[in-house]
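**Student:** This is the feature table in TrEMBL:
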DISULFID  A:CYS24-A:CYS56  disulfide bond
DISULFID  A:CYS34-A:CYS45  disulfide bond
Amino acid sequence: MAEIELKTAPADFRFPTTNQTRHCFTRYIEFHRCLAAKGENSGECERFAKYYRSLCPGEWVERWNEQRESGTFPGPL
Amino acid sequence: MGLLSCFRSTVLRKCSKGSSGMSRFLYTNNFQRNLISSGGNESYYGYFNRRSYTSLYMGTGTVGGITSARIRVPNVGCEGFMCSSHLSITQRNSRLIHSTSKIVPNSEIQNITTEMVKTPEVSRWMDQVIPTIAPCDAAEPWQLGFQDAATPIMQGIIDLHHDIFFFVIQIGVFVSWVLLRALWHFRSKMNPIPQRIVHGTTIEILWTIFPSVILMFIAIPSFALLYSMDDIVVDPAITIKAIGHQWYWTYEYSDYNNSDEQSLAFDSYMIPEDDLELGQLRLLEVDNRVVVPAKTHLRVIITSADVLHSWAVPSLGVKCDAVPGRLNQISTFIQREGVYYGQCSEICGTNHAFMPIVIEAVSTKDYGSWVSSQVN
């Protein structure tokens, strides 16, 4: 069995309010910007991936992935 | 004022509540009459188990008659410490409730209730000293006040309510006194010709300054508690996503993913009334519970997939709207292990009353076992 580590996305002072929609969106964009800058095989981007997976619902991530593949993602990647 | 009393001992408060509950049970004739007439039906077991009287009597040994009765309370879900022992063997999306008892014949129940009526005074005194602490947090039948607090925020809410209620009673009594006195002393029989009072500078100053001072005494602890709920400063250890659907909740634990597809996600449906087992609560039990570690900072992200819902658990003092397209965040810190019940609190359609929330707070080790069994 893999060891379970109690760790999640930290609190971000850019998003101090109850509304965390932009926090999830921003973490997702940060991950893909990191991929574009450092390449797909780099291990440094895994940290950002864990952040957006913790914050974003699965359905949102699935829809955003489809939009990225079809080129209609609205964010600044 | 309200916040400082947050740090009062919740165990002390709970002990006193348990004691009053016990004495209420023993001294009320209606309960004895109802228990004797109820025979072996479910409500007897449910009520009995929720108060955990059996374990207390068997433990002390002061009442020999009840000890020899050998009644066994069903091992149902609302006892958190029993459920935690099952967590390591729980399979994915399986029910966490295991009923291992058999139904006791009516004659034994009759004997038990008869023995309870004859409880000697020594045992009653012992019950006051060693009260029972109920491990299950759900509203009692016709409960009007707050449920037991499990978080510092809920403790603060209860204390703030008590503080404000003190002012409310005082102001209500004083204003009623002034009103009745005016009605009495200025009635037409005593004053045929009404007076023409134009102005009074002193009383104008008084009834402007005093309400302001009272409002300040109410507002300062209220604002302190309100802003302490926004504890963005503490980094949480766990993030749980609660997604409202018509008419169930979906929970996602995504801290342990290695890809976008692999996710610990499950739906939480209410157990229908026909499928309830002995001791389970009507309209409150679910098939898959939210398992969280106690004494750990949690982040719950609440959203909806269709219409507005509201994720509310009274014992934790949390209530947050689930809005489609928006992620609302609440932070909480559960201080004791147990099972806490809540319900959807925003009208969301026909089955709004049938989408409950059950949170089981366990130790960190048991939580790790549960996650390991779910993820792998």
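Glycine is treated like the rest: Cβ placed from N, Cα and C.
Please treat TrEMBL annotations as automatic predictions, because they have not gone through curation.
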**Student:** Rounded to a whole number, how many Å is the Cα of A:CYS56 (disulfide bond) away from the Cα of A:CYS45 (disulfide bond)?
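**Tutor:** If we compare the Cα positions of A:CYS56 (disulfide bond) and A:CYS45 (disulfide bond), the gap is 17 Å.
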**Student:** What does DSSP call A:CYS45 (disulfide bond) in the simple three-state scheme?
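**Tutor:** Once the DSSP labels are grouped into three classes, A:CYS45 (disulfide bond) ends up as helix.
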**Student:** Whose Cβ, among the disulfide-bonded residues A:CYS34, A:CYS56, has more other Cβ atoms within 10 Å than any of the rest?
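**Tutor:** When each Cβ's neighbours within 10 Å are tallied, A:CYS56 leads.
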**Student:** Rank the disulfide-bonded residues A:CYS24, A:CYS45 by how many other Cβ atoms lie within 10 Å of each Cβ and give me the one with the fewest.
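**Tutor:** If we count Cβ atoms within 10 Å for the disulfide-bonded residues A:CYS24, A:CYS45, the smallest count is at A:CYS45.
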**Student:** Sub-8 Å Cβ contact with chain B: please pick out which of the disulfide-bonded residues A:CYS24, A:CYS34, A:CYS45 have it.
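**Tutor:** Contact set vs B: A:CYS24.
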**Student:** Per DSSP, A:CYS34 (disulfide bond) is which: helix, strand or coil?
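**Tutor:** Assignment for A:CYS34 (disulfide bond) reads helix.
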**Student:** Would you mind reading off the Cα separation of A:CYS45 (disulfide bond) from A:CYS24 (disulfide bond), to the nearest angstrom?
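**Tutor:** It is 16 Å, counting Cα to Cα.
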**Student:** Taking only the Cα atoms, work out how far A:CYS24 (disulfide bond) lies from A:CYS34 (disulfide bond), in Å, as a whole number.
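**Tutor:** Just about 16 Å between their Cα atoms.
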**Student:** So, three-state DSSP: helix, strand or coil for A:CYS24 (disulfide bond)?
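**Tutor:** A:CYS24 (disulfide bond) sits in a helix per DSSP.
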